[in-house]
Structure formats: structure tokens, C-alpha cells
Amino acid sequence: MSTLAPLRLLREPSNASEGNQSNATVGASGGWCQGLDIPNELFLALGLVSLVENLLVVAAILKNRNLHSPTYYFICCLAVSDMLVSISNLAEMLFMLLLEHGVLVMRPSIVRHMDSVIDMLICSSVVSSLSFLGVIAVDRYITIFYALRYHSIMTLQRAVVTMASVWLASTVSSTVLITYFRSNTILLCLIGFFLFMLVLMLVLYIHMFALARHHLHSISSQQKPPTAHRGGSLKGAVTLTILLGIFFICWGPFFFHLILIVTCPTNPFCTCFFSYFNLFLILIICNSVIDPLIYAFRSQELRRTLREVVTCSC
């Protein structure tokens, strides 16, 4: 799969080309340094599956009034972010295929403009997905530890402000990233943001699971069933923990790739790692495919509404 300008730099930094000559023998002696040849059809198929799944999630949340709450609005925004991943991937694939086969003939200036637009969608989806995972974690934390005050803390107005702020910040940051994509400082900021959000979510989930363990111990000692509200909140914490683990597995290699670009662009091991960039892209798209499946299986209300949406569409 060929990539556009800023993503080509992320695939392999420009200053790594000087070390590629000296590392050629290393790459030739190790077959694992040759990377993976992933067909374009796989990118297209995963992008289409992710797009359909996330469209269904958004439709289900909009259809069911019982899901019109800040928590599900945040989940809806996460689904929209995953849709951006799919749409940007499909747009990039179609754009490159049309150019390569001569079906689409455009001036270089227009190609660069389309290049920037598609890359901005990709970067915006990265930042917004990570941000909304953090927002959902904070929302769930408030639900569990401040259950009686939740509706006064997380009002609809504050939820709207939060969502608007995330989308605005994602758009601005992606624009800056595309404009100054050759700067290691920008990459360090992106890596730092990823690590900050990861640590934030880990701390919140550890605290939530500590409460869950204490709560279950109290139940077993008192022989009382958990309340529906607290039980649903703990179930949501488990769901979001699974989401966090999948997000780390799917996005971790990509951000490790960025770290290596900054720290060791000419090291033989790093240049070998760079050759697997297409695999990292596949993992990112897989994250967008897996998220809706978790929503459907973990939320009974959302699963029922999804069934209604599919039945009505048929």
C-alpha cells in the first residue's frame, strides 16, 4: 500500500535513507526485515466493514432515546472517530489507485492539497479517538465514585462543551501536525499526548477495579445483591478496560514506530521495524472494526437497538 506525503515520512524518516546503504547487508541477511506485503484489498475490506459497523452504532444511539445520555454521546463520538479512520483510509486507497492507473489526472498542486486533506482526516481521527477514550474513562469514573451527583456534574451542556472542545482540538492539532510533519518536536508532542492519556486511563481503571473488588467483597460478606446502577457502572468499566487494552494493542506499535523515528532513525533494528509500517496501519483499522463489536456485545440496550436498526434497514 502506497501512502501520502506525511505518512510516507512516518513510514521511514528522511534521514534514515543515509543509513539504509550501510544497513543493506543487515536487511538482506534477515528475512524478517523485509516487512509484509499486505494487499490493497485487505485495507479496502477492513475499511468498509468498519464504516458499516460504526454507522450502525451511531444510528442505534440516535434512534433509541434511552441512549441519549452523555455516556452514549461520548461513545457515539468515538464511533464517528472510527468512521473517520475508515473514510480516510478508503479515500486514500481510491485516490492513490486512481492516480496510479491514470484514471484520475490532476495537477501536482491539487494532488498536494488532497494529500493534506486526507492526512488531516487521519491525524484528526487519531487524536479524537484517543481523546474520547479518555473522556469516556473520566465519565465512567464520575459515574462510579460520584453516582449521586453524576447528573449535576456531567450535565448535557458540559457534555456538549466537552465534545466540541475535543473535535476543535483534534482539528487544530492535526492541522499543525500536517503543516510541520517534518519536525521531531511535533512527533514528540503526539507521543507525549498518547502516553499521558494512556497513564490517565490506567490510573482511573485501576482505581475503578479496586472499588469493584471492594464492592464484591462487601456483597459476599453481607449477602446482598448489587444495585442495578452500580452493577451497570462496573460492567461499563470492564467494557472500557477491554477497549483500552485493544486500543493499546492496535495503536501501541504505531506509536512505538514514532518513538523509533525520533530516537534511532538509522539504527539497523529500527529500520527493520519501519518495514512493518503497513502492519501497524492494519492494526489501527482493526481497532475501528473491533470497537463496535464490543459495544454490541457488552450493552444489552445498544444490542437490541442495533437489531432493530438492521431489521428496519432490511
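Any Cβ shown, glycine's included, is placed from N, Cα and C.
A TrEMBL annotation is a machine prediction, not a hand-curated record.
Quick look at what TrEMBL annotates:
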| type | residues | note |
| --- | --- | --- |
| TRANSMEM | 42-62 | transmembrane segment |
| DOMAIN | 53-295 | domain 'G-protein coupled receptors family 1 profile' |
| TRANSMEM | 74-97 | transmembrane segment |
| TRANSMEM | 117-138 | transmembrane segment |
| TRANSMEM | 159-179 | transmembrane segment |
| TRANSMEM | 185-212 | transmembrane segment |
| TRANSMEM | 233-261 | transmembrane segment |
| TRANSMEM | 273-297 | transmembrane segment |
Inset, instruction - Could you check if the transmembrane segment (273-297) is in contact with the transmembrane segment (159-179), meaning 3+ Cβ pairs under 8 Å among residue pairs at least 6 apart in sequence? - result: no
Inset, instruction - Report the listed stretch (42-62, 74-97, 117-138, 159-179) having the maximum count of Cβ pairs within less than 8 Å of the transmembrane segment (185-212). - result: 117-138
